[in-house]
Amino acid sequence: MGDRKTITIGVLALQGAFREHIESILRLSPDYPEYTINAVEVRRASQLDQIDGLIIPGGESTAMSVISNMSQMHKNFYKDQDLNVLQGISSSYLKSKKPVWGTCAGAILLSRDIENMNREYMSEGKKLLGQMNMTISRNYFGSQAQSFEKDIEVHIDGADKSYPGVFIRAPAIMNTDSDVQVLATLQFKDKNVIVAAQQEHMLATVFHPELTEDLTFHKHFIDMIVK
Amino acid sequence: MVTGTNGTTTNGDHKTGTFKVKTGLAQMLKGGVIMDVVNAEQAKIAEEAGAVAVMALEKIPSDIRKSGGVCRMTDPKLIKEIQAAVSIPVMAKVRIGHFVEAQVLQSINVDFIDESEVLTNADDEYHIDKNTFSIPFVCGSRDLGEAMRRVNEGAAMIRSKGEAGTGNVVHAVKHARAINSQIKKLQSMSDEEISDYAKEQRVPLELVQKIQKEQKLPVVLFAAGGIATPADAALMMQLGMDGVFVGSGIFKSTNPSKMARAIVQATTNYQDPHVIADVSTDLGDAMPGLNDKGLDERWAVKEYGPGVKGHVSTKIN
């Protein structure tokens, strides 16, 4: 066991269900005996150099974008590169092609086009990440009363399997460009919407794998890093 | 489509109102600030400051304290205006035990209901049976027993009671510490003692065992009641709370927008005194505040009937 490689997965910890993702990742550690797997909370852009994969958790997408922008207030204490963690993800982390996975709010932040989002959070200087070639619609299924659980069929790692989807005020992916691979769809009110998709090193799920016992997606994400 | 008595509706394998989706929304609010607002304009200020949710109210608690009359659910018209103004979750309060107010709020698609001691009690004996609703509830607690009784009734989130409207964090601190230390204490208790404790608190043994084993409540725990400054918010986070409610503290300060942003920043960076110092600088006046001596009424004691001691499951007396 002398030369085990270490991989470090960062979970954006501005707000939301970041601890559950860390716990899920650490639970998979025994599946990767040749690696030492770390999972850390990420709040500053300077931490992005130290991680091999990044998870952007569920939470409130507007809150996360506002919180990230506000970090510019603290330029007295932190270096320039620390000013805005979302900008850091957008300008350097994603360009390095290191894997990133957005769940729910995280999927919204990753999408190029966003429906049903207040324009103020999308104007120049307050940009979301916007690098997956798809259109996502916020709160697509309705308010909390319409939040639901449903088993969905996912096509992942060359196989079809049933997966316990937990959808909380969830968005839906309305369409994708041809370079985005659709991993799961869902029939909702006569319309087939996309609920999981991958574009190269970027993965998006509109549901919450961190709230279930099924670690299929967390394993898939670690595989994206170690491959 | 089958609607169960437990608030869950099943349509094929599409299930709404399950405990998982109710507690799941609370999970998504963690690390965030939930702000009291009394109109759409304030709701926008809150959203732009990075609030994870807003609590729609007719009056904020410090004004409720002054008004002295009976305080009830907010007019649905105002709640709808606030829902239309923001895309973050909208919460609203009902009186303790007033299940019809809760039905009304559920019918207008409020995202979360606060069964709150800040309003006037509607029922001196019973809290709402929250398991029968499809949307989640948050309830206040002063100690572990109260928290467990609310969870047993179906609450999907617990908050400290503190003393709302005072701008004095002392009671929120007391309640947070009580809940945490009582959870820790379960560790050293024997099976027999745990069984006695469950009986004494009138909650199912399995619930106490689960908390003993996991060393945390089965739902998210927020701080509320008297948080008025960025440092107050960070204090509650360092005491192990999952997030904070801020009521009068924001819109009773001299610069609400700046105060709101500062409290959000302090909550995210609660372990970083540099950030807290930065956001606390030149904030203007915090809300005036009210010491215990100035209180006409203690809201936090509302689980008990007047002059009656001891705990009863869903009963208040």
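Using the three backbone atoms N, Cα and C, a Cβ is placed for every residue, glycine included.
Per TrEMBL, the features are:
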ACT_SITE  B:Lys93  active site, schiff-base intermediate with D-ribose 5-phosphate
BINDING   B:Asp36, B:Gly165, B:Gly226, B:Gly247, B:Ser248  D-ribose 5-phosphate binding site
BINDING   B:Arg177  D-glyceraldehyde 3-phosphate binding site
DOMAIN    B:19-224  domain 'PdxS/SNZ N-terminal'
Using C-alpha atoms only, work out the spacing between B:Gly247 (D-ribose 5-phosphate binding site) and B:Arg177 (D-glyceraldehyde 3-phosphate binding site) and round it to an integer in Å.
21
DSSP state at B:Gly226 (D-ribose 5-phosphate binding site), helix/strand/coil:
coil
B:Lys93 (active site, schiff-base intermediate with D-ribose 5-phosphate) and B:Asp36 (D-ribose 5-phosphate binding site), distance between Cα atoms, whole Å:
10
For the D-ribose 5-phosphate site (B:Asp36, B:Gly165, B:Gly226, B:Gly247, B:Ser248), what does the 8 A shell look like? I mean other same-chain residues with CB within 8 A of the CB centroid.
B:Ile60, B:Pro61, B:Ser62, B:Ala164, B:Thr166, B:Gly167, B:Gly225, B:Ile227, B:Ala228, B:Val246, B:Gly249, B:Lys252, B:Met287
Minimum Cα separation from the residue listed as 'D-glyceraldehyde 3-phosphate binding site', reported as the residue among binding-site residues B:Gly165, B:Gly226, B:Ser248 that achieves it:
B:Gly226
Under a criterion of Cβ-Cβ distance under 8 Å and sequence separation of at least 6, what residues of the same chain contact B:Gly226 (D-ribose 5-phosphate binding site)?
B:Gly162, B:Glu163, B:Ala164, B:Thr166, B:Gly167, B:Asn168, B:Val169, B:Val170, B:His171, B:Ala172, B:Asp232
Would you measure the largest Cα separation among B:Asp36, B:Gly165, B:Gly226, B:Gly247, B:Ser248 for the D-ribose 5-phosphate site and round it to whole Å?
12
Any idea what the model's mean pLDDT is for the domain 'PdxS/SNZ N-terminal' (B:19-224)?
95
Take the Cβ of the residue listed as 'active site, schiff-base intermediate with D-ribose 5-phosphate' and count every other Cβ within 10 Å, whichever protein chain it belongs to.
27
